[in-house]
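Residues or ranges marked as domain 'Membrane transport protein MMPL' in TrEMBL: 149-325, 497-669. For 12-31, 172-191, 198-218, 224-249, 270-294, 306-328, 349-368, 518-535, 542-561, 567-588, 609-630, 650-669, the entry in TrEMBL reads transmembrane segment.
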Amino acid sequence: MKILIKNNARWYILVLTFVILIVSVILSFQIKTNYDMTEYLPKDSETRKGLLVLEDTFGNHASIELMIKDVSIGEAYEIKEDVLSVEGVLDVVWLDNYGDIVNHEDIDPLIKNNFYQGDNALMTLVFIEDAYHLDVEDSIIEIRQLLVDEDIYMRGEALNNIESRSIAQAEVYKIILIILPICFVILLFASKSWLEPLIVLFVLGIGVIVNLGTNALLPNISFITLTIASALQLAISLDYSLFFIHRYYELRDEGYEVLEAVNKAFKKSLPVITASAVTTMVGFLALLMMRYRIGLDIGLVLSKGIFLSYLSVIIILPAIIVVFNSLIDRFRHRHLMFHLGGFSKYLIRFRYIFLFLFLVLLSFGLIFQSKTDFLYGSSSYAGQESLVSKDKNEIREYFPEYQSLTILLKDSSKEQELALIAALSENDHVEKIDALYTVIDPMTPENMIPEPIKYQYVQNSFTRITLWTDILEENDSMFVFNDYVNKQVDLNYDEYYILGLISSTGEIKDTVLADTPIVMLVSVILIGIVLFLIFRKLWIPFILILVIEAAIWFNMSLLVMNDRQVIYIGYLVVMSLQLGATIDYAVLYASRYMENRQNMNKGESMAMALRKTSIPIMISGIVLASAGFTEMLFSHIEVVSDIGLLIGRGALLSLGFVLLFLPILLYLLDSIIINTNKG
């Protein structure tokens, strides 16, 4: 540290930091974002393999539905011809594909009503590229411009992806701009110098910007990660700077000169800062154990961000304090926040009441968190106020909405296909089936089937069947239906693939449910090992993890009490995040308590530990909660909003559990802890 804060060295650090910042800002605009959640399924998953087969045989083409209001059949046909001329549009399917629209009165009403009702036309637009390709977005933008004078509405998977892409890109900076002033105000109350909030946010901002820039070096990151990472990195790593700068103030108040105070503050705070950063990182790295690789995506980006924030605090913050020490001292002021040192006497007096309350909340959380109702798919990623949702609701007023499943069958015979179609048709949720033997007479000899028609359904030894169901929302009926379709296909075929939101959601559910115990066990074991290496006491890792896990379980149990569904990937991420991030509060308090026990009794140690740690713990918890609630309130992506709610509430619960129950547990178990050595 002495080398880093010498005259020349500290200026070299600041210049190098400035260069890295410029490069990172440039790189941050090169980040590639992924919106296809099926990409994170294991490579050997049926959905991933099925998509490759689809691409190699029939092609994976995006399709959307376009409704034009208040048009005649002739006008609708002219619009179809105009849309066909748009670059990237492969085909437009409308009423004229099924009959002569000049004599449209002769067309079967059952067919006609699927395409034209009450002066409203509904067309299906098929694109050359898949639903996630940027060219599809360009084509849709061109179509909107082409039909700017018409009253149009659209629905389809490609539109959901465009909406998610637009929202995610806007929200990254919007949420940061909202959370920064909140952090600044909160830090003002925790600071001892008016300059301190600016220094802390500047140092942590460096870590955030460099993390964003280095994300450009990855193949891509998910839109969920992109939206949540920066705000969470800032909020989680805030306590590292507070640990250091508060130690620095203590030493300055004891009479040490600036350089010596910075050097001693570094030595005294480095173990707890390192411990906090490492426990947080291993909590995130546990997500890498998930077979559903969104865990790898979120875990890698957030653990990388925490490491960069850690480096910023231990390298850049000391140099900045030395450079600006005169200004820091000039703007010193009294603490605007109260500490909880005096609260220790009430904790001791009512210790058994607090212990009983802890056990009640622990039991309540453990029992009810297992009853949470989850969502597993991506159907709820867009909020109800989005343009996508409003358009879907408008189209539904005139034309019913169905969800499709594509079935690819290897080496299918006519008999097998007819048996499968008959079995699927018996299900009440199947609205229609599109297959070779639903568009032609099954009695037609195979050599008499027109090649253009056959080519649409049979290619490279694979036969394609598409069915539409009235199940639109993720619920128990959807999973029962998915099982039914799989069972019927499995009865007739050895090799097959079922593709669609229903089937991919079922596979995501199976994958993440299998991931959960692994992630939870790995995170607890890794964090426990880190805590044991820090404290060299067998009981302390158990106590600290128990307190934070109790807060996590109680957080999740509140979902049951509020009868609220939550997207499962958000739940799993928060389980790891809350443990990894808020264990810092417990580490800070326990390290101070054990340090005090070297020359104080347990009551005095509790009081002094609360006095010295309650303010940074409260500030860190409140800032993390603010970041979470900001995500909840201002994100228009439901999975991000869910994660925000759980993080915000979880941070406050962890804060409360650490300040209320951890002191009691350490006090009551003091003799066991002190008398148990690392052996």
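Yeah, the Cβs are placed from backbone N, Cα and C, and that goes for glycine too.
It should be emphasised that the depicted structure is a prediction, and the values quoted were computed from it without experimental measurement.
The transmembrane segment (270-294) makes contact with the transmembrane segment (518-535), as judged by at least three Cβ pairs under 8 Å among residues 6 or more apart in sequence.
In this chain, the transmembrane segment (224-249) touches the transmembrane segment (172-191); three or more CB pairs sit within less than 8 A of each other, excluding pairs fewer than 6 residues apart. Mean predicted confidence for the domain 'Membrane transport protein MMPL' (149-325): the pLDDT average there is 89. Within its own chain, the transmembrane segment (349-368) is flanked in space by residues 546, 550-557, 560-561, 657, 660-661, 664-665, 667-668, which lie at least six positions past its ends and keep a Cβ under 8 Å from the stretch. Between the transmembrane segment (224-249) and the stretches 518-535, 542-561, 567-588, 609-630, 650-669, Cβ pairs under 8 Å are most numerous for 609-630. For the transmembrane segment (518-535), the list of distant contacts is 271, 275, 278-279, 282-283, 285-287, 289-290, 295, 541-542, 544-545, 549, 572, 575-576, 579-580, 583, 587, 590-591, 594, 678: same-chain residues at least six beyond its ends, Cβ to Cβ under 8 Å.
Long-range contacts of the transmembrane segment (609-630) within its own chain (CB-CB distance under 8 A, at least 6 residues past either end) are made by residues 175, 178-179, 182-183, 186-187, 189-190, 231-232, 234-236, 238-239, 242-243, 246, 335, 337, 339-341, 343-344, 581-582, 584-585, 588-589, 592-593, 596, 643-652, 654-655, 658-659, 663. Counted as Cβ pairs under 8 Å, contacts with the transmembrane segment (306-328) are highest for 198-218 among 12-31, 198-218, 650-669.
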